[in-house]
Amino acid sequence: MKIIAYGIRDDEKPYLDEWVTKNHIEVKAVPDLLDSSNIDLAKDYDGVVAYQQKPYTADLFDKMHEFGIHAFSLRNVGLDNVPADALKKNDIKISNVPAYSPRAIAELSVTQLLALLRKIPEFEYKMAHGDYRWEPDIGLELNQMTVGVIGTGRIGRAAIDIFKPFGAKVIAYDVFRNPALEKEGMYVDTLEELYQQANVITLHVPALKDNYHMLDEKAFGQMQDGTFILNFARGTLVDTPALLKALDSGKVAGAALDTYENEVGIFDVDHGDQPIDDPVFNDLMSRRNVMITPHAAFYTRPAVKNMVQIALDNNRDLIEKNSSKNEVKFE
């Protein structure tokens, strides 16, 4: 058995080597992301492992089928950049890593919220320019807030577990309710109720056709003045121009974003001194009440180890058993 893994970073390599030593399976590590220029490297391999934000194009799976490869494993959760029709057409099974470290993402979302509540970006800016006064940048306390969690899967529940000890009131919305949270009476029946009651809204749902721009101008209009928005899920959940308008009006007091709807080509790139040709993104970056991280909420040592080794486990199982506990089946 031979596996080829694309987009392997230096920080992933030790965990890949550890897995190879333990499993006695050959794995070729390719540093470049998977695309049409390097798919031919997969010839003579039994499975492909990958992780990237840019789209996987249909021709890649045609090539895999041509090479006799029927096992494709992602080192991440999201499948929104994978063409399901191409997988079905080429009889390729796909797996993901549904939970590599929910706490990593939840912890950063809470960290960024605390920084916004206490005006940390504002103080950093002022002090860098010689202004050491605390006024007028008075902060807020999380124990006085109502946090609305949209999506109560692994990450959403981890976020709830962190918010509650701070003394925040937590309410939640999910189409699929968690029985334990329901017993606590945490759920509201509609998103509108959550928008109206919460002054912090945090997103922890996958990107689907039905939730594209779920936070749009109408949704922002239903929120309290001075609401804080956290998006550590998928960029397409937020209508960014509508968010900018809500920030301008004061409807939104601040936003912490680990994702952006047009992030491909912006995040995970060293731009140096070159300007980014995206006026909407540049507007976000110019605001001291907006904190942006480059889709890095997952990026902890435990998470990276899990992403690499669980993906390789999945790929091995797809090759050996034609199935994996983390196989994703499209309808």
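Yeah, the Cβs are placed from backbone N, Cα and C, and that goes for glycine too.
Given the structure is predicted, the values throughout are model-derived calculations rather than measurements.
Here Swiss-Prot has Arg154, Ile155, Val205, Pro206, Asn211, Phe232, Ala233, Arg234, Asp258 binding NAD(+), and the candidate from Asp131, Asp174, Asp278 in that same listed site is Asp174. Packing around Arg154 (NAD(+) binding site) is summarised by its Cβ count: 18 other Cβ atoms lie within 10 angstroms of its Cβ, all protein chains included. Fewest other C-beta atoms within 10 Å: among the recorded positions Asp174, Pro206, Arg234, that description fits Pro206. Arg234 (active site) has its Cα within 10 Å of the Cα of these binding-site residues: Pro206, taken from Arg154, Asp174, Pro206. Over all protein chains present, the Cβ of Phe232 (NAD(+) binding site) has 25 other Cβ atoms lying within 10 Å. The C-beta environment of Glu263 (active site), restricted to residues of the same chain at least 6 apart in sequence and closer than 8 Å, consists of Gln53, Gly235, Pro294, His295. Cβ-based neighbour count (10 Å, all protein chains) for His295 (active site, proton donor) stands at 20.
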